[in-house]
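K.L.:
Supplied in structure tokens, the structure appears directly below.
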């Protein structure tokens with residue numbers, strides 16, 4: 001059934017987190033980025049339209065500036081992310097070029113998708129880039145985003161951002177790459193008998209209770225934000241796959257119908 005479901009998928013948003021791009025020692029995982037570029041380029045060659053939502057600016061910045069941990073001051077966090085964003089996009093551009101794929105950068109804040117005029121502008125930008133066969137690479141604009149009681153321009157994390165991008169671009173599928181195999185019925189790091197949920201058809205209280213845990217040293221997203229992203233996909237009749245990003249080539253296996261990760265897809269008439 002999964003292969004049949006994905007045959008009609010045209011537009012795909014792929015989200016990769018910092019933990020999938022940065023090694024445990026803080027160095028950049030060049031091999032994984034190369035594999036990701038290969039997969040996306042292969043999908044483009046097959047007629048798919050792909051948007052990449054990529055975290056990693058902080059991780060790249062920490063590596064470039066030889067910093068062992070994330071600064072505590074907001075201004076310094078923004079500075080590190082600003083440096084890292086340039087380094088990350090430079091590397092993406094170089095590696096994608098090996099596969100004859102052109103990329104672009106779109107940096108967003110929440111204000112952009114809240115106000116109708118700016119939302120229309122960014123939507124048109126996405127459509128123009130896609131029509132030219134370009135892969136938009138999206139990240140939150142950390143250098144200018146603020147999170148204050150009277151005015152917040154932050155999305156919270158890139159899990160949520162990826163679902164918002166999928167919504168405004170009317171993507172058919174969101175593929176979320178993470179450092180976990182999918183959604184389990186309970187925390188697999190604590191319970192040895194935790195079982196992977198292969199298919200989720202609705203976001204219930206039980207599903208929400210399965211989610212937990214904060215982000216890693218480099219990233220901010222946890223399981224709950226991924227569940228919320230799946231709910232957002234459901235709201236516009238989209239679907240989502242949460243899978244381990246250890247080998248980005250697994251994306252191709254999933255789209256061929258192999259059961260990996262957790263597939264979030266509501267049951268429709270004719271599916272039962």
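Note: Cβ is positioned from N, Cα and C throughout, glycine not excepted.
For reference, Swiss-Prot lists these features for the protein:
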{"type": "BINDING", "residues": "15, 178, 179, 220, 221, 222, 223, 224, 225, 226", "note": "ATP binding site"}
{"type": "BINDING", "residues": "55, 142, 158", "note": "substrate binding site"}
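Can you tell me where each of these features sits in the structure?
P.N.:
Mapped onto three states, the DSSP output places residue 15 (ATP binding site) in strand. Non-local contacts of residue 15 (ATP binding site) by the CB criterion (under 8 A, 6+ apart in sequence, same chain) comprise 52, 53, 54, 55, 158, 159, 161, 162, 174, 175, 176, 177.
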K.L.:
Taking only the Cα atoms, work out how far residue 223 (ATP binding site) lies from residue 142 (substrate binding site), in Å, as a whole number.
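P.N.:
Rounded to the nearest whole number, the Cα-Cα distance is 22 Å.
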K.L.:
For the substrate binding site, please report the maximum Cα-Cα distance among 55, 142, 158 in Å.
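P.N.:
Of all Cα pairs among the recorded substrate binders, the widest measures 11 Å.
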K.L.:
Between residue 142 (substrate binding site) and residue 225 (ATP binding site), how many Å separate their Cα atoms?
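P.N.:
Cα to Cα, residue 142 (substrate binding site) and residue 225 (ATP binding site) are separated by 18 Å.
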K.L.:
Given a 10 Å Cβ-Cβ cut-off, pick out the one of the binding-site residues 142, 179 that has the most other Cβ atoms nearby.
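P.N.:
That would be 142, with the highest Cβ count within 10 Å.
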K.L.:
For the binding-site residues listed here (158, 225), tell me which residue's CB has the most neighbouring CB atoms inside 10 Å.
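P.N.:
Its Cβ has the most other Cβ atoms within 10 Å: 158.
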K.L.:
Sort out for me which one of 55, 223 has the most neighbouring CB atoms within 10 A, since those are the binding-site residues we care about.
P.N.:
55
